[in-house]
Amino acid sequence: MTPGRDVTAGGLFAWRGRRQGLPGMGVGLSLTFVWLGALVVLPLVALLARPWAEGFGSGIAAFGHLLHDGRMGAALRVSFVCALVAAALDVVAGVVIAWGLVRARVPGWRVIDALVELPFALPTAVVGITMATLYGPHGWIGAPLARVGVKVAFTPAGIIVALMFVGLPFVVRTIAPVLRALPPEAEEVARTLGATRAQVVASVVMPALYPALLTSFAMAFARGVGEYGSVIFIAGNQPFHTEIAPLLIVIRLQEYDTQGASLIGLVLVGIAMVSLGLIAWLRHHVGRGGGGGAA
């Protein structure tokens with residue numbers, strides 16, 4: 001029996017080895033790494049290297065000038081704060097919409113589900129023009145608001161509205177699958193133990209959603225910090241008030257200041273990377289804490 005077992009084991013291991021070495025896997029992996037390098041890594045490396053192309057001292061001087069530029073600081077503050085507020089509001093709205101699509105099955109949910117994808121398909125410039133038309137002084141929404149003293153277009157509120165539009169799909173599409181995969185048995189057990197509906201949501205549903213909430217918030221925020229096309233038309237672009245950092249990149253390029261434009265781009269990339277890293281760290285620790293509590 002032992003030789004038979006050895007032969008069977010050997011055949012099994014050989015079969016597994018053949019399965020792991022799929023034909024063309026090496027070529028496929030090589031092409032994948034080349035694609036990632038050419039389209040993702042290489043542009044970031046070029047952006048990182050450009051400010052120092054005229055010498056390390058020149059790059060340091062340009063960076064110091066950028067740090068002391070009040071207009072740049074104001075633009076970064078507008079972009080950062082508006083993206084932060086828009087991402088937070090997107091999370092709230094996204095949870096409600098995802099819940100309605102997955103759990104409540106509200107009337108017309110298929111249409112709503114399709115409309116959620118709309119910001120992915122529309123060109124950002126079209127979004128910006130549409131927002132400026134709707135929320136302008138004579139727009140369908142802007143005119144009634146203006147009569148009660150509320151102004152949206154050409155204010156930070158207009159920037160937030162535009163960023164909410166482009167960021168909402170990231171939230172809904174991240175949270176909806178988690179809600180769909182959440183086993184209903186856990187909620188039923190909580191109800192049988194006397195928990196109210198609010199307690200079930202707070203103690204069962206929300207802990208499972210925390211990682212998805214953090215991920216969707218990070219994605220919406222990272223998108224909003226660097227958003228240009230949908231914001232430029234509704235922002236008004238007033239320095240120190242509604243001017244966004246991506247606009248300064250365009251202005252520097254129009255002035256043939258590629259070094260300054262690259263430095264501003266590096267700052268925006270740095271903000272997005274730090275934010276994503278921080279959210280990933282929080283998600284990891286929240287996920288471990290939630291898992292421990294559930295156990």
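Each Cβ is built from the backbone N, Cα and C atoms, and glycine gets one as well.
Note: TrEMBL annotation is automatic and uncurated.
As recorded in TrEMBL:
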type	residues	note
DOMAIN	76-280	domain 'ABC transmembrane type-1'
TRANSMEM	26-49	transmembrane segment
TRANSMEM	78-102	transmembrane segment
TRANSMEM	114-136	transmembrane segment
TRANSMEM	156-179	transmembrane segment
TRANSMEM	200-222	transmembrane segment
TRANSMEM	263-282	transmembrane segment
Beyond the flanks of the transmembrane segment (156-179) by at least 6 residues, Cβ under 8 Å: 78, 81-83, 85-87, 89-91, 93-95, 97-99, 101-103, 116-120, 124, 127-128, 131-132, 135, 205, 208-209, 212-213, 215-217, 219-221, 223-224, 227, 230-231, 234-236, 241-242, 244
Residues of the parent chain within Cβ reach of the transmembrane segment (114-136), under 8 Å, 6 or more residues beyond its termini: 97, 101, 142, 145, 152-153, 158, 161-162, 165-166, 168-169, 172-173, 227-234
